[in-house]
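This report refers to the structure that appears directly beneath it.
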Ligand code: PEP
Ligand code: MG
C-alpha cells in the first residue's frame with residue numbers, strides 16, 4: 001500500500017465514493033451511510049476512514065499510513081463546502097461527529113463523540129449563527145463531557161457530579177431548565193476537572209480534537225471490552241474498525257428538534273409495524289443512554305404502553321411522515337428489517353444510521369416468513385435469515401401459567417424468555433458464580449459495555465433504568481438472555497447487598513424469576529413449561545427441509561428424549577449410548593455386578609438381569625422411531641463412570657450379587673485406572689468379555705423382531721462398535737455380532753435387515769479407514785473422542801486451562817464445541833475418502849456434540865457426510881444449519 005491508496009471515502013449530498021458492497025473496507029456504519037446517501041436520503045455529508053487504516057496503524061507501531069492526513073483534510077473541506085461551513089472557523093464553524101464502525105456492530109469500542117470542533121472561540125460563532133446561545137453552550141458542555149470521557153479518559157462521574165450538585169443547589173430538575181449562563185459556569189467547572197486530571201487544558205485546537213478522536217476509535221479496537229466482545233462473537237482482530245466523520249446535525253435545537261431510534265418492524269415480536277422511541281430537544285446518545293425516558297414513535301406504540309406523552313407521529317406529523325417514507329424505501333432496498341437512528345433539526349429529518357436490526361428469534365422467524373410471503377425475499381433467503389443458534393430461545397421454557405407467583409416488580413419486556421437465579425449486583429460476581437455453576441440474575445441500575453461478561457454469564461438481566469433500545473435491552477436480545485429493563489421502582493442500595501421495591505427488600509443471593517416477555521420479576525423460583533412453537537417455525541423448518549441435503553438424527557436413549565427428537569423432526573437415532581440406559585438406581589447395581597465379577601459365570605448372572613431391561617428399552621425406542629434408523633452403540637463406558645466409590649455402593653452390589661463386600665472392594669481397586677478415557681473401554685471390553693456384547697446384540701435383535709411383528713413396520717437397527725483402532729478388533733466383534741443376530745432371527749423366524757458399523761473416534765481408525773471399511777457398513781464420527789485423541793486433550797480436564805488458550809488466541813474456538821477443521825477435520829476427510837474407496841455405499845455420519853453446532857455442521861456438509869446426529873433439543877438448529885450449509889455451498893442463499 002502506498003501513499004496513493006485510498007484511505008478515505010466521502011459521502012453525502014447525493015453522492016458517495018463507496019456503497020454497501022464495501023462493508024469490509026468501510027465498516028457497517030460507513031457502508032450504509034454511503035449507500036443511503038446514494039439513494040438520495042437525507043444524510044449529513046461526511047467521510048469514512050477505512051478499516052485498512054486501522055490494520056496499518058497496528059501493523060506499523062500505531063503510526064498512520066502516509067497520505068492519510070491530506071486525504072482527511074480534503075474530505076473535511078468537502079463536507080464544509082456541502083454545508084457552507086469551515087472546520088475551525090470562528091464565525092462559521094463546521095462541527096462534526098466521530099464514530100467507530102466495524103464490520104459487525106461492536107459494543108465495547110469507542111462509540112461516538114458529538115459536536116467536535118467546539119472551542120471557547122467557535123462556540124461563540126455557533127451561538128451567533130444559530131441565534132441560540134443556550135443551545136451553543138449546551139452543545140459545548142456535552143462535547144467536553146463526551147470527549148473527556150472517551151478520548152481523554154477522564155472519569156465521567158466527576159462531570160455528572162458537578163452537574164448534579166449545580167442543579168440541586170439551584171432547584172433545577174431537568175437539564176432543559178438550565179440557561180446559557182448556567183452552562184457557561186458549568187463549562188468552566190468541566191474544564192477545570194480536565195486540567196486537574198491531565199495537568200494540561202482541554203484542547204482548543206479543532207484539528208487536535210479531531211485526531212484525538214480518530215486515535216481513540218482506533219485505540220479502542222484493542223481495548224479489553226472490545227477484546228471480550230470479539231472473543232464471545234468470534235470476530236477476528238484482523239478485521240479492524242473504520243472511523244466515520246460526519247457533519248453535525250442538532251436534535252437539541254429546541255422544541256422543533258429531536259433525536260430517535262426506530263425499527264421498521266417490531267424487533268421483539270416481528271410484527272409488521274414501525275416501532276421506536278424519540279426525545280425532543282436532545283442529542284442521539286440521550287436515547288441510548290436511558291437518562292431521560294423517551295416517548296413512543298407511533299400513536300400505536302404510545303397506546304400500547306399506556307403513555308400520556310405524545311408520540312412523534314402526533315407531535316411532529318410532518319417529520320414523521322417523511323420518516324415513514326424513508327422506512328419503506330430502506331426496507332425495500334435492503335430487503336430486511338432496519339434499525340435506524342435519526343435526528344430532526346428544526347423539523348428537518350436527517351438519517352444518521354441504518355443497519356439490519358437485531359431481533360429476537362421469534363421476530364427473526366416471523367420477519368423471514370412474512371417477507372417471503374410479501375415477495376421481498378425467496379424461501380432460500382428466508383432460511384438464511386434466521387440464526388440457527390437463536391432457535392435455542394424458542395425451544396426454551398417459559399413460566400408455567402398455572403404456577404403460583406409472587407410478583408415483585410414490572411419493567412419493560414426487553415428480551416423474552418424465563419429464568420430463575422440468585423440476585424447479584426455486579427458483573428464480575430455474576431461471572432464468578434456462574435463459573436461455579438450457579439444460575440444468577442444480574443440486577444443493575446443500567447448496563448454498559450463493561451457488563452458484557454456479566455450479562456453473558458447471567459441467566460437473565462434486570463435494569464432499573466433505560467428503554468427498549470438501551471444498552472441492556474439491545475445486548476440481551478442479541479445474546480438471547482431474558483431481560484427486564486427500566487424497572488424504575490427498583491432502588492439498588494449503594495452497598496450492593498440488596499435492592500428495595502414497593503416496600504420489599506431483596507437481598508443478594510435470594511432467588512428471583514424473571515419473565516422477559518412480560519417484563520415481570522417474581523420472588524423465588526417459578527416453575528417453567530416448554531414453549532409451543534408457532535406456525536412460522538414449522539413453515540421455515542419446512543423450507544429448510546426442502547433444501548437440506550444431510551439428514552438430521554438425534555442422540556437419545558430414553559423413549560422420552562427420542563419422542564422429543566422425533567417431534568422436533570429428527571430422522572432417526574444416530575447414537576443410543578447403551579451405558580446411559582444403566583444410570584438408573586436398580587440398573588447400575590446390575591452393571592456394577594457385571595463389571596466387578598471375577599469370572600464369566602458371575603458376569604453372565606449379571607447380564608441375565610440386564611437382558612430383559614435392555615430388550616424392553618430397545619423395544620420402546622424402536623416403537624417411538626418406527627420406520628426410521630436407530631443406531632445403537634454397544635457398551636462403551638470408561639470404567640470410572642461406573643465403578644462403585646463409597647462403602648455403601650459396594651454394599652449394595654454385594655447384597656445383589658451375593659459376593660463378599662471385601663472381595664468386591666479389592667476388585668474395584670484393581671480395576672481402577674489412571675487414565676480411564678484411554679483404558680479398558682469401548683470395543684476393548686467386547687474383546688475381553690464377549691458375553692457383554694452378545695447379550696446386547698441379543699437384546700437389540702429380539703426387540704427389533706418383536707416391534708417389527710407388533711407394528712408391521714420396518715425396524716432397522718444399526719449396531720455400532722465404539723473406539724475401534726484396528727480392523728482386527730472390528731472383524732472379531734462383527735463375526736460374533738453376526739452369529740448372535742442370525743441365531744436370534746432364526747429363533748424368532750423373522751427377516752430383518754440390520755447393519756454393523758463402527759465409530760471413528762481414534763486417529764488410527766481414521767487413517768486406516770479403508771481397512772476398517774472392509775467390515776464396517778457405516779462410520780459414525782465420534783468427534784468428542786476424536787477431538788480428545790487428536791489433540792491429546794482431556795475432555796474432562798481441559799476446561800480448567802482452555803480459557804487461557806482462547807484468551808491467548810491459540811484456539812479461536814473451544815474445539816469440543818466447534819470442530820477443529822484443520823486437524824480433526826482433516827482426519828474426517830481422510831476417513832470418509834478411504835471408507836468410500838473400499839465401500840462406495842458406506843453410510844457416514846457424525847454423532848459427537850459437534851453434530852448440533854452450526855459451524856461444525858457447515859464443515860460436515862463440506863465433507864459430504866450423510867447425516868449429523870445431535871441432542872434432541874438441537875434437532876431444529878441442526879436442520880436449519882444443515883439447510884444453510886447446503887445453500888452456502890451452492891451459493892443459493894446469497895442475499896443482497
Ligand atoms: C464421541 O466420542 O464423540 C461420542 C459420540 O461418544 P461419547 O461422547 O459417548 O464418548
Ligand atoms: Mg466416544
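The backbone N, Cα and C atoms fix where each Cβ goes, and this holds for glycine too.
From a predicted model like this one, the values you see are computed outputs, not experimental measurements.
Summary of the site annotation: TrEMBL records substrate binding at 633, 761, 782, 783, 784, 785. Screening the candidates 566, 577, 698, 858 against this entry identifies 577 as the one listed for that site. With a 10 A radius on its CB, residue 577 (substrate binding site) counts 18 other CB atoms from all the protein chains.
Each residue in the domain 'Pyruvate phosphate dikinase AMP/ATP-binding' (319-373) gets a DSSP state, and the totals come to 29 helix, 17 strand, 9 coil. Summarised by DSSP class, the composition of the domain 'PEP-utilising enzyme mobile' (438-519) is 18 helix, 27 strand, 37 coil. Selection of the recorded positions 471, 782, 783, 785, 847 by a Cβ distance under 6 Å from ligand 1 yields, in sequence order, 782, 783, 785, 847. If you compare every pair of Cα atoms in 577, 633, 761, 782, 783, 784, 785, the residues listed for substrate, the longest distance is 15 angstrom. For the pair residue 782 (substrate binding site) and residue 847 (active site, proton donor), the C-alpha distance works out to 6 angstrom. Within the same chain, the domain 'PEP-utilising enzyme mobile' (438-519) packs against the domain 'Pyruvate phosphate dikinase AMP/ATP-binding' (319-373): three or more Cβ pairs sit under 8 Å, each pair at least 6 residues apart. The two recorded residues, residue 761 (substrate binding site) and residue 471 (active site, tele-phosphohistidine intermediate), have Cα atoms 44 Å apart. Ligand 2 lies under 6 Å from the Cβ of the following recorded positions, listed in sequence order from 577, 633, 782, 783, 847: 782.
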